[in-house]
Amino acid sequence: MTDLGDAWTRVLAGLPPNQRAWLTNSRPVTLHESTAIVAVPDDFTRGQLETRLRPDLERILTESFGRDIRIAVTVDPSLDPELREQQAAQQAAPQQPQQYAQQPPQQQHPQQPAVREPLHTDGAYQPTIQSALTDPANAPQYNQPRPDAAPQHYQQPAPQQQFGQPMGSVAPPPNGSPTQSATEAQGEARLNPKYTFETFVIGSSNRFAHAAAVAVAEAPGKAYNPQLIYGDSGLGKTHLLHAIGHYVRSLYTGARVRYVSSEEFTNDFINAIRDDKASQFQRRYRDVDVLLIDDIQFLEGKIQTQEEFFHTFNTLHNANKQIVISSDRAPKRLEALEDRLRNRFEWGLITDIQPPDLETRIAILRKKAATERLTAPPDVLEFIATKVQTNIRELEGALIRVTAFASLNRQPVDLSLAEIVLKDLIPEGSKPEVTASMIMGQTASYFGLSIDDLCGSSRSRVLVTARQIAMYLCRELTDLSLPKIGQQFGGRDHTTVMHAERKIRQLMSERRSVFNQVTELTNRIKHQAKQQ
Ligand SMILES: Nc1ncnc2c1ncn2[C@@H]1O[C@H](COP(=O)(O)OP(=O)(O)OP(=O)(O)O)[C@@H](O)[C@H]1O
């Protein structure tokens with residue numbers, strides 16, 4: 001089998017000298033499926049590879065391996081010969097003050113030390129991803145908090161770096177009068193506090209995407225730009241995007257991180273045009289260090305928004321600002337997206353997430369139970385994980401229902417109880433497709449309301465609960481995103497849907513009536529879906 005090192009030698013031999021010169025200090029890092037990762041010493045070289053050399057490099061690699069190979073370029077400053085010389089000189093003179101400029105972030109992940117690549121002999125940073133891929137045991141581990149430990153993310157506040165400063169130059173600790181308060185910045189970043197790397201379970205289905213996400217968060221704008229994560233609904237793309245945001249913010253003081261779904265980006269853009277506030281819009285998305293943009297497939301067919309996003313992308317990329325994108329499909333399958341955008345997505349690293357295997361599903365349930373303080377014995381977790389196989393959101397929903405049912409009946413969570421609850425939730429045989437209109441129709445008729453009531457603005461108690469239950473069921477039983485669900489309910493904001501989801505989860509374990517309503521409605525909706 002061809003080895004990447006050999007193939008790279010062939011690449012070098014096959015290029016004309018003027019092109020080869022760009023690769024003198026490059027290094028092939030690893031081959032993951034059809035992506036060859038290549039490290040270069042600086043951003044400028046990366047730009048040359050991405051724009052000028054890419055077609056020839058990919059052609060020669062494709063010929064060598066006999067299958068389609070694409071490259072992703074990462075910056076590893078230690079490949080710069082001048083830097084090596086400097087570092088060698090420093091090593092020869094140990095009495096000199098240590099040179100930090102090219103070191104990795106010294107602070108570890110607030111919860112668990114991230115196991116990183118052994119440092120080069122010259123002390124330079126190596127992307128975490130390589131060792132995580134070659135030996136999964138090396139992937140950063142963010143274990144469950146020990147029951148006896150204080151919440152670990154509050155432990156040992158790591159010294160932070162100022163964003164834009166070289167790695168290792170430590171910013172002064174926050175002194176209580178920052179220009180922007182932590183809460184404000186958090187609000188602006190719009191990150192869900194629950195979606196962190198600590199709460200993300202790593203398995204073979206997501207190891208590559210996770211390792212790349214950690215590498216990107218540790219060296220934003222440097223490791224892989226853009227990073228694109230794709231996979232089916234409910235497999236953790238949004239979770240990883242938020243986790244990157246949190247980790248960047250914990251490593252770099254003042255880093256401007258912004259998470260946005262593509263639907264919100266589109267709506268924001270339309271409103272900005274309508275209100276003549278284009279420059280404000282542009283500032284919001286271009287004056288950031290890390291832009292996390294979710295569900296990019298939503299831009300398909302939206303020509304003007306794509307145009308705007310294209311310019312946002314270019315501005316950020318040219319300024320070495322990190323862009324992370326999620327999509328429900330591989331970029332080449334985003335057929336209604338302009339070529340120039342798809343093309344740019346391929347400049348960086350594309351990682352996919354697959355449905356988790358049984359062990360990972362069990363581990364996810366275990367972690368979820370621990371973080372939500374839900375008690376469920378191992379055989380019940382295993383049973384749920386066996387029953388719900390594809391969507392992690394559904395997996396979590398099943399755990400919540402089982403524990404809610406037990407708490408309402410003041411019964412322990414055991415296998416027979418889990419069997420009863422899941423029998424209705426997950427019918428045998430093929431999975432029927434549930435739509436938002438089915439959910440809304442069934443909910444309206446169950447509560448004696450109309451669809452207009454569900455979409456309207458009345459806040460009477462019954463109506464609010466019915467609306468929230470319908471939103472909760474849309475979240476659990478369909479693949480619709482938060483903004484899409486909001487749209488279905490009279491153009492409500494995605495935060496309203498998030499609130500409804502949380503509220504119903506809580507009420508299900510507190511009020512039997514709500515639990516019964518949700519269960520009955522689920523049965524009716526699934527029954528209807530099976531008939532279609
Ligand atoms: N590896 C994981 N470990 C722990 N929880 C996970 C993992 N993957 C997904 N989840 C959880 O599953 C739920 C769904 O994940 P998420 O919303 O990130 O999926 P998604 O791929 O973005 O889906 P969609 O495309 O529908 O938006 C979330 O609650 C998330 O925390």
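A Cβ is built for glycine as well, from the same backbone N, Cα and C atoms used for every other residue.
Remember, TrEMBL labels are computer predictions, not curated facts.
Copied over from TrEMBL:
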{"type": "BINDING", "residues": "Gly234, Gly236, Lys237, Thr238", "note": "ATP binding site"}
{"type": "COMPBIAS", "residues": "86-114", "note": "compositional bias 'Low complexity'"}
{"type": "COMPBIAS", "residues": "147-166", "note": "compositional bias 'Low complexity'"}
{"type": "DOMAIN", "residues": "223-351", "note": "domain 'AAA+ ATPase'"}
{"type": "REGION", "residues": "1-89", "note": "region 'Domain I, interacts with DnaA modulators'"}
{"type": "REGION", "residues": "83-118", "note": "region 'Disordered'"}
{"type": "REGION", "residues": "134-186", "note": "region 'Disordered'"}
{"type": "REGION", "residues": "407-532", "note": "region 'Domain IV, binds dsDNA'"}
Integer average pLDDT (0 to 100) for the domain 'AAA+ ATPase' (223-351):
93
Highest Cβ count within 10 Å among the binding-site residues Gly234, Gly236: which residue is it?
Gly236
Other C-beta atoms that fall within 10 angstroms of the C-beta of Thr238 (ATP binding site):
22
DSSP-derived structure type at Lys237 (ATP binding site), helix or strand or else coil:
helix
Determine which residues of this chain, when Gly234, Gly236, Lys237, Thr238 are set aside, have a Cβ within 8 Å of the centroid of the ATP site's Cβ atoms, and list them as they appear in the sequence.
Gly231, Ser233, Leu235, His239, Leu240, Ser326, Ile353, Ile392, Arg393
Which residue counts does DSSP give the domain 'AAA+ ATPase' (223-351) for helix, strand and coil?
67 helix, 25 strand, 37 coil
Count the Cβ atoms, other than its own, that fall within 10 Å of the Cβ of Lys237 (ATP binding site), considering every protein chain shown.
26
Secondary structure content of the region 'Domain IV, binds dsDNA' (407-532), with strand meaning DSSP E or B:
90 helix, 0 strand, 36 coil
Sort the residues of the region 'Domain I, interacts with DnaA modulators' (1-89) into helix, strand and coil with DSSP and give the three counts.
53 helix, 18 strand, 18 coil
